[in-house]
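What TrEMBL lists as signal peptide is 1-19. Annotation comment: TrEMBL describes 430-454, 466-488, 500-520, 541-562, 596-613, 625-647, 653-680 as transmembrane segment. TrEMBL lists 431-641 with the feature domain 'G-protein coupled receptors family 3 profile'.
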Amino acid sequence: MAGFALLLVLAAVTLPVLAAGGTFKILVSLPETENKVTSGTVVSIQESLKVALDQVNAWAGANGNHTFQLDFKDTTKALAPAVKSVFDAAKDGAVGLIGEKGSAITIPMALTANQFQMWQCSGSATSPTLSNKAEYRYFYRTIPGAFIARFVRLMGWHSVAILFAGDSYGQGIMTTFSNEAVNQEITITTSQSFTASDVQADYTHELDAIQSSGTRIVVFLGTTTDFIPMARQARARGMIAADWVWIGSDGVNDLADTLYAQGNKYSDADRENSNGVLVAFPTTQGPQFQAFWSAYQAKYPGRQGLAATATLFADCLQTMARGIVKLAGSIGVDKVNQRAYPSSMTVKDFVDKLDGVSGAVSFDENADRIADYTLRNLWNGQSNVVYTLAATASASLTASSTAVKFFGGSSSIPPDRPSSMLAYVTYNSIGGIIIIGIDALLILVVVAATAYLVTQREHASVKSMALFFLLQISLGIVMVLATIFLWIGVPSTLTCNLQTWMFVIGLQLVLSAVAAKAYRIFKVFDNRQLAKLHKLSDTRLFLGCIAILLIQTGISAAWTLVAPLEPTLMATATSVSYKCASRNATLDTLFQTITLVYNALLLGLVTVLAFHTRKAYSLFRESKFIAYTAQNIFLCGVVVTPFLYLATESFALAAWFIKTFVVMYAAGFSFAALVGRIALVPYMESKKAAKGSGVKMSYSGDNGSSNDGTSSAEHVPGKMSTMMGKYPVKVANKLFETWHTNRITLFALEGFLGITRLTNNTEQGTLFKLRSLQFDPDPPSYPLCIEIRADSKSMVIQFAKNEDKQKWVKALSVHCLVFSKSGGGSSRGNGTTNVTGGPMSGPLSTMRMQQSMNAPTTSMVGRNMGGGGRDGNAAWAAAIKDMAPAPK
């Protein structure tokens with residue numbers, strides 16, 4: 001093949017010497033008439049071919065004394081006459097064929113021409129089917145392939161609806177557009193086909209689908225004959241309006257000529273419907289155009305312009321004549337007229353580059369034209385070039401001096417989706433900006449507080465909460481909050497799957513860490529498990545968290561591999577939104593339900609553990625806040641879960657905001673309950689230390705809510721076993737608590753301690769069993785105080801004098817277990833237990849104390865002291881004796 005191509009080149013160089021003159025016939029098969037109406041566009045094409053024939057014959061005569069003849073045939077835009085014209089031309093000795101105008105007729109003509117080895121060129125057929133050179137060996141074209149998808153993207157539109165003719169032309173262009181739309185990241189909201197050339201058709205179904213698809217950009221892939229009746233029905237539905245854009249393929253390039261042709265049958269409304277239509281068409285004027293136009297006006301004086309495809313057909317004749325002359329010089333005139341070509345010859349050997357009337361003519365490997373494109377804008381019968389786009393893939397749109405006009409006369413580019421229709425939040429919308437700001441602020445707070453905890457990792461409060469799990473919880477909350485950023489805007493396949501992974505893994509990080517903490521507290525307070533406490537190390541608990549995460553990872557991986565999530569358009573006539581869903585709805589629901597149930601079970605486990613340890617003492621009431629967090633997540637889940645299964649097209653935007661704010665609230669609450677309040681402890685202590693005030697005490701002159709109505713300990717007259725006094729009391733393991741004056745009453749024989757708030761409320765106070773209490777006679781952070789622990793509550797009682805405090809210490813030591821956080825070890829004797837600090841020291845110390853209390857015998861003085869036994873009464877009598885006032 002390469003050798004034959006070289007032979008053709010040498011023949012062209014030596015043509016004047018070797019070639020003998022010959023006459024070559026070329027068939028021109030065009031729809032001169034349609035429904036007995038003469039086509040103005042075809043008339044312009046025919047006249048351009050006749051002008052080009054004069055130029056070709058002048059060139060051919062000078063290059064081998066050759067002559068070309070054109071034989072014009074009317075196809076009437078019908079298949080049978082078009083194919084018959086090819087048979088007739090072959091019998092008549094034609095060596096080439098120019099036509100037809102539309103791809104639907106051109107394709108069967110090309111298949112027929114193949115049988116006769118007849119060269120064929122079209123200046124307007126753009127169907128991708130014709131690029132298949134295995135079937136269309138002798139066909140080429142001077143019009144480049146469709147580029148509408150690139151134009152749509154460069155105009156800033158991201159979604160279109162397609163209306164395409166059901167013939168080979170419409171289907172071919174639709175396929176090309178759809179493939180390129182993927183590369184250009186354009187969403188095709190709907191593709192609707194219609195029967196070509198059916199002027200009486202009802203397009204209700206097609207237009208309804210487009211109107212409900214949520215986009216205002218319509219790509220029409222058909223012909224002028226199809227567009228005019230389609231536009232009538234679209235106009236009646238409000239789809240031809242200022243906020244709609246119609247883009248036509250080259251099949252409607254003659255729309256203005258047809259509607260405004262002399263003697264046409266169309267109404268003013270039909271002509272108005274064409275205003276604002278954009279027609280994608282290649283550049284049709286090159287450096288040689290001016291000389292051609294001068295020759296055209298000389299031959300046809302009074303003509304005001306040319307049809308858009310006229311110069312393309314002229315270049316068909318120019319390139320075909322040069323190819324035939326080249327062949328005549330290589331194989332002889334007779335061989336050419338007999339169409340007796342070597343079997344190895346292809347159309348690529350036939351056509352060469354040319355500076356044509358329409359511009360530089362060059363071809364790709366499929367003999368398709370490579371050329372720049374223009375966008376023509378129809379307005380009041382004029383077809384004006386408003387944009388040009390170079391053939392190179394990286395080129396950008398270049399606006400011409402004529403401004404584009406859309407229907408209604410505005411030059412402002414309408415959006416593909418008006419803001420009033422968007423039922424989803426975008427990054428540049430007010431709602432999107434607010435959500436991004438709140439979400440970013442929450443993430444910043446979480447990161448800053450967590451970083452502060454790391455710097456305070458040696459603080460007792462941080463140690464007791466296990467810093468590693470605090471970090472894990474913070475990371476999970478950040479991942480959940482970061483997922484919200486992926487919910488904004490139009491999702492992609494990547495963001496759909498990524499947001500699911502981030503959310504469930506973030507939730508698992510939080511729940512697994514909380515479960516580990518709740519499990520440790522549960523085991524610490526289970527006396528039967530005391531021998532196994534070495535198994536509750538951070539490392540072992542973290543391995544448990546990893547196991548929980550691996551299960552969820554397996555579920556998510558299977559979901560992504562088997563039924564990956566994809567963006568799904570949810571559109572109505574008034575709104576458009578997106579959701580992420582698998583193509584297989586059954587699998588999507590299955591994996592969604594499995595994930596939901598798994599997380600619900602884990603949440604349920606956390607709730608049960610927190611419930612069982614709700615009364616266990618910890619420095620910051622950890623069990624209670626774990627329970628609060630679990631309950632809060634459960635309630636938020638109840639609100640959000642229905643949106644996973646219910647259709648939300650009609651209220652998609654409201655559903656999105658509800659889901660987003662609920663998730664942000666749940667994440668914020670969880671962080672505040674599990675991590676944030678822990679960070680406040682060292683921070684507040686550092687602020688107090690900076691002020692030099694230390695711990696605020698009621699008797700130090702602080703302005704609390706306490707009234708100055710305190711009194712020292714005294715026994716009740718006539719009842720020496722009952723002692724009472726009024727003192728400032730504060731809950732020690734709650735943040736922001738202040739001192740309040742309470743009446744403290746010790747009912748020794750009855751075995752109760754009463755703490756009564758001095759208020760006017762109906763509920764006056766609380767009565768505690770002495771046997772259930774522990775107390776610290778000398779809490780390190782509170783001078784002249786004793787600390788009493790009842791279940792999960794810790795209360796500090798402040799005294800004005802040490803003598804008064806010692807009376808209560810002696811009295812309580814008889815009935816209550818004594819603990820001390822300031823001790824250097826653990827010991828028992830005389831009813832006192834000292835426990836060292838450190839991580840988890842609060843729960844561990846309480847566990848040990850509870851174990852002592854629950855044992856059959858204790859190291860306290862006597863047995864059943866709170867019940868008034870003899871040993872207890874003796875001890876109480878001794879304490880009362882010490883407390884009795886000295887004789888005067």
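Glycine is treated like the rest: Cβ placed from N, Cα and C.
Only residues 6 or more beyond the boundaries of the transmembrane segment (625-647), in the same chain, are considered here, and those with a CB under 8 A from a CB of the stretch are 511, 514, 517-518, 589, 592, 596, 600, 603, 606-607, 609-611, 614, 655, 658-659, 662-663, 665-666, 669-670, 673-674, 677.
Under 8 Å from some Cβ of the transmembrane segment (596-613) lie the Cβ atoms of residues 504, 507-508, 511-512, 514-515, 518-519, 521-522, 525, 548, 551-552, 555, 623-624, 626-627, 630-631, 633-634, 637, 641, 644, all in the same chain and six or more residues away from its ends. Panel annotation: around the transmembrane segment (653-680), residues 422-425, 431, 435, 438-439, 442, 445-446, 449-450, 452-453, 456, 461-462, 465, 470, 473-474, 477, 480-481, 483-484, 487, 510, 514, 575, 577, 620, 625-626, 628-629, 632-633, 636, 639-640, 643, 735 of the same chain, lying at least six beyond its termini, place a Cβ under 8 Å from a Cβ of the stretch. Long-range Cβ contacts of the transmembrane segment (430-454) within its own chain (Cβ-Cβ under 8 Å, at least 6 residues beyond either end) map to 462, 467, 470-471, 474, 477-478, 481-482, 484-485, 488-489, 657, 660, 664, 667-668, 671, 675-676, 678-679, 682-683.
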